[in-house]
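Structure first, commentary second.
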Amino acid sequence: MQTILVLTTFLSAWFLAVGFDVFWNVPSQQCKKYGMKFVPLLEQYSILVNKEDNFKGDKITIFYESQLGLYPHIGANDESFNGGIPQLGDLKAHLEKSAVDIRRDILDKSATGLRIIDWEAWRPIWEFNWSSLRKYQDKMKKVVRQFNPTAHESTVAKLAHNEWENSSKSWMLSTLQLGKQLRPNSVWCYYLFPDCYNYDGNSVQEFQCSEAIRKGNDRLKWLWEESTAVCPSIYIKEGQLTNYTLQKRIWFTNGRLQEALRVAQPKARIYPYINYSIKPGMMVPEVEFWRLIAQIASLGMDGAVIWGSSASVGSKNHCAQLMKYIADVLGPATLRIKENVARCSKQACSGRGRCTWPKDTSVIAWKFLVEKEDYDFYLGDIECKCVEGYEGRYCEQKTK
């Protein structure tokens, strides 16, 4: 215990310079009724958890669809809520209610921390609304047809496409700008952006985002320019464990992380979402959890968000299972990798940046960050991602 506390103190000071923050976005306060307290355990491993284990708080707040404003969407039974689509929603009323919601859930006007907007019902890029989301395209076309009853079908489709993307942009952008205005010291992102939809492939290249997806994500330039963080998802799902080899899972993760690096603004932070629970009672395998955190860190990213559902802490047994998993897997993995990020920074980056391995075409550099403390990093493969004010391969020069 003493070793952990000493190391935690060292890391807290070191991360002021190089930064690798791991946030706890799990409703583990549900476990208090069973006498289980997660905050002391998580803090032993330098995991950022809200005071009193509140789900929304000083370190992190996520706004689900029903918790921020008047989000227009279509329900499972095709029932329209708040207009159903952005074009029919009341944006002014939405922003007024959003302001109330933000002030309620983030009380401190000067609060720092990470704030995430989780809107998943529809996608702002028209052609990304496929499969079950095609209902949004259909509803948008019906609205356009009402105002253009004699227009050719191709004209209706083009108008619907343009109006959808313009309206979606207005809703997402104005909501993000409102959050930044009300809580300017916090870092803001949309969950699951960017996505890659890279579900199949037989090589590292084939698991990269396709050209069509990259072009679609490029049309979200307005989102990347306004976001102070990007928060993609690299969750491990049960189907991946049964249908993918370990190598394919590595490539899948890499493809999504590479797209986040590609679209993020230079000063934007990157906090990918990872999971510890695949379904209630089934935890992410130990080697997979270590790999997820290490892959994020090996690309010089700012940290990660650990997410869990209310169902994953919905019983005494599940709470006990999570507490054991933190002590055995999640905590040690987080602490080791945070420590190695700091150590590599000191060895290679003059303590002024994070190590990256830009020529890592085989996606193996993450393994360096799971090694034990006596491992020496080979500087010849490393380029440093420098903190503001420094530059050079090893952050050895002050910015002119």
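The first residue you see is number 1, and the count goes up from there.
Glycine residues also receive a Cβ, built from the backbone N, Cα and C atoms like all the rest.
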As recorded in Swiss-Prot, which of CYS209, CYS231 forms the disulphide with CYS196: CYS209
Among CYS319, CYS384, CYS386, cysteine joined to CYS349 by disulfide in Swiss-Prot: CYS384
Residues of the domain 'EGF-like' (340-396) by DSSP state, where helix covers H, G and I: 18 helix, 10 strand, 29 coil
Subset of recorded positions (ASN166, CYS196, CYS209, CYS349, CYS395) lying within 10 A of ASN275 (N-linked glycosylation site), CA to CA, in sequence order: none
Cα separation, CYS395 (disulfide bond) to CYS349 (disulfide bond) (Å, whole number): 5
CYS196 (disulfide bond) versus recorded positions ASN129, ASN243, CYS355, CYS384, CYS395 - nearest by Cα: ASN129
Segment confidence, the domain 'EGF-like' (340-396), expressed as mean pLDDT: 94
